[in-house]
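Here is what TrEMBL records for this protein:
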type	residues	note
BINDING	Lys66, Lys90, Ser344	substrate binding site
ACT_SITE	Lys102	active site, proton donor
SITE	Asp142	site 'Important for catalysis'
BINDING	Thr185, Asn216	NAD(+) binding site
Amino acid sequence: MNALAATNRNFRQAARILGLDSKLERSLLIPFREIKVECTIPKDDGMLVSYVGFRVQHDNARGPMKGGIRYHPEVDLDEVNALAQLMTWKTAVADIPYGGAKGGIGCVPKELSLSELERLTRVFTQKIHDLIGINTDVPAPDMGTNAQTMAWILDEYSKFHGHSPAVVTGKPVDLGGSLGREAATGRGVVYAAEALLNQQGKQIKDLTFAIQGFGNVGSWVAKLIHEIGGKVVAVSDITGAVKNQNGLDIPALLSHKEATGKLNDFGGGDVMSTDELLTHDCDVLIPCALGGVLNRENADHVKAKFIIEAANHPTDPDADEILSKKGVLILPDIYANAGGVTVSYFEWVQNIQGFMWEEEKVNRELKKYMTKAFGNLKSMCQSHSCNLRMGAFTLGVNRVARATQLRGWEA
């Protein structure tokens with residue numbers, strides 16, 4: 001089941017639990033605006049090439065729309081639509097005053113030079129600059145994009161609208177980016193895991209963890225869990241996987257990955273197959289890479305008792321059912337990985353105020369938001385006697401539905 005179908009299914013289930021009016025339910029699913037643009041740029045060798053760019057703005061009932069821009073060969077309208085809708089519910093779960101959006105360009109960033117990426121980003125910004133804005137739609141980095149991409153968007157946007165640091169988040173600190181933003185998603189995942197484990201009477205320092213994906217999110221999750229005293233027993237990424245039942249030395253592994261660019265050949269652990277990681281013997285499994293990695297083929301073999309969804313949509317609905325029957329607790333993506341968008345919100349607030357925070361304050365506020373959101377999610381689970389995923393969806397959908405009704409959607 002693709003991401004859009006799964007998101008729609010979760011939404012419909014939440015709407016049914018909440019008893020939403022069928023017309024309101026339908027109107028909440030329909031995106032506010034879908035934008036498709038052709039971005040034609042000269043390559044370094046002078047040849048003209050064209051790339052398709054998208055921006056889906058899903059809902060703005062609770063505030064400006066918010067969501068990443070990804071550069072990836074598989075970017076298509078369906079995927080962008082699903083992720084934009086997911087952002088609407090995610091911002092509502094975290095209780096930050098945003099709606100949802102998502103964008104992307106279908107390209108292979110590795111095959112483009114830095115100057116080609118810059119030209120592509122600037123052309124894309126020229127095509128959508130009048131449809132994004134501080135109080136309209138605030139982009140951020142996603143797969144295949146980074147702080148530098150945001151710097152180019154800011155510069156290009158500012159040519160049309162004057163200096164506007166709050167138009168994008170995830171910027172370099174020198175251009176108004178927030179301290180703590182780089183670690184935010186990973187740190188949020190750890191705060192979310194702590195909230196769930198504490199409620200179960202457990203602590204990170206007493207448990208073993210397997211982490212799938214060792215990019216920005218996965219490496220921060222591993223580093224922070226290691227610092228707290230948790231045992232990271234297995235890690236994988238596209239280059240390979242390593243395991244050590246006594247716990248991997250994460251700082252050493254990070255240095256090794258930085259030096260060699262891959263996880264294999266790491267002296268402090270044994271090589272394993274990347275597929276094996278998801279079914280590795282551990283207490284907590286944290287998928288931090290792509291969607292759909294847990295499916296009906298492997299769900300039955302998962303040994304973890306807790307799954308913290310740091311990636312977007314890593315568990316497909318079939319796997320969800322199998323794992324629930326096994327008694328595995330799954331902390332859903334729309335709550336677990338909301339740390340990134342929460343600190344994006346802090347960055348936007350700092351830019352609007354023209355007053356930057358200390359990193360300590362950023363992390364303190366993030367913990368406050370993640371802990372409060374978990375409490376709200378649990379009370380939804382209790383009042384509707386549902387699992388954590390439906391608790392999160394009912395919490396998010398209910399907030400958006402209330403805002404929509406208060407604003408007078410039928411007029």
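Including glycine, each Cβ sits where the backbone N, Cα and C put it.
These figures come from a predicted structure and were not determined experimentally.
Same-chain neighbours of the substrate site beyond Lys66, Lys90, Ser344, judged by a C-beta within 8 angstroms of the site's C-beta center, are, in sequence order, Gly67, Met87, Thr91, Ala94, Ile96, Tyr98, Gly100, Ala140, Ala338, Gly340, Val341, Thr342, Tyr345. When the record's substrate-binding residues Lys66, Lys90, Ser344 are compared pairwise by CA position, the greatest distance found is 13 Å. Closest by Cα distance to Ser344 (substrate binding site), from the recorded positions Lys102, Asp142, Thr185, Asn216, is Thr185.
Within 10 Å of Lys102 (active site, proton donor), counting C-alpha to C-alpha distances, fall the following of the recorded positions Lys90, Asp142, Thr185, Asn216: Asp142. Listed in sequence order, Asn216, Val217, Trp220, Ala310, Asn337, Gly339, Gly340 are the same-chain residues six or more apart from Thr185 (NAD(+) binding site) with CB atoms under 8 A from its CB.
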